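Feature list (source: Swiss-Prot):
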type	residues	note
BINDING	Gly165, Arg166, Ser167, Ser190	NADP(+) binding site
Amino acid sequence: MTQIIDGKALAAKLQGQLAEKTAKLKEETALVPGLVVILVGDNPASQVYVRNKERSALAAGSRSEVVRVPETITQEELLDLIAKYNQDPAWHGILVQLPLPKHIDEEAVLLAIDPEKDVDGFHPLNMGRLWSGHPVMIPSTPAGIMEMFHEYGIDLEGKNAVVIGRSNIVGKPMAQLLLAKNATVTLTHSRTHNLAKVAAKADILVVAIGRAKFVTADFVKPGAVVIDVGMNRDENGKLCGDVDYEAVAPLASHITPVPGGVGPMTITMLMEQTYQAALRTLDRK
């Protein structure tokens, strides 16, 4: 029987544990983890993500500030704003909500964030730490998925893992984290030949390709663990993932739903990384 991986319930459990750790930290050291989110423009999806992050920070007992700036902000002004928060010890995590307007160089912005405050884990230094086997800041979505594997007792060692999608946000760091747990990893993408055939060999299938219901039953071998990172709208405007849930769920041993699967875990892990970043400031004193 297929087991549904309830990301919403797991995120709530971890958030409760994080709130306890944060309260203890505040009591013992007077330190309160602080996350600042910079939102450029008024993209509706970004507004939703930012509100969710605000709520999660509040639930975890952390401080949060959302800095909303107009879409017309220059790159220089945005970099100056980041520099201000880099230098402010009251803030332990800095997140610039993506995507950014076309006139702003995304790479330059990510490079400008202090790697010790880069709770998204997108700075090249943090990417390098991850790939060298010494991670400090890990992109939140892959980190959340690894926590799901742990909580649900899913053993990765020696398993065939296939990741569909090669982004720096999910696909590449996901592959490295699986590799670190001794899985045999195949990183695929939209141009992989015979993709369904490759995916059908997976014991662990992580899908992050950004196409509604892209993965159908012929991609999945019976008993596979299926993790759906996608967040799309179907032809009726209903939220759906990259996996055709109705077709795939009966085949899987474990599967994440959309919504209520990976999404809540992503935000919870972001708060955990903000807490860990705050702890590291104590080590540096």
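Residue numbers in this text run from 1 along the chain shown.
Placement of Cβ uses the backbone N, Cα and C atoms for every residue, glycine included.
Feature map: Swiss-Prot annotations on the structure.
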residue : record               : CB count, 10 Å
Gly165  : NADP(+) binding site : 24
Arg166  : NADP(+) binding site : 18
Ser167  : NADP(+) binding site : 16
Ser190  : NADP(+) binding site : 12
* Asked: So which other residues, same chain and not among Gly165, Arg166, Ser167, Ser190, have a Cβ within 8 Å of the centroid of the Cβ atoms at the NADP(+) site?
  -> Ile164, Val170, Gly171, Thr188, His189, Ala208, Ile209, Gly210
* Asked: Which value in Å gives the longest Cα to Cα span across the NADP(+) site residues Gly165, Arg166, Ser167, Ser190 as recorded?
  -> 11
* Asked: Helix, strand or coil: which one is Arg166 (NADP(+) binding site) in, per DSSP?
  -> coil
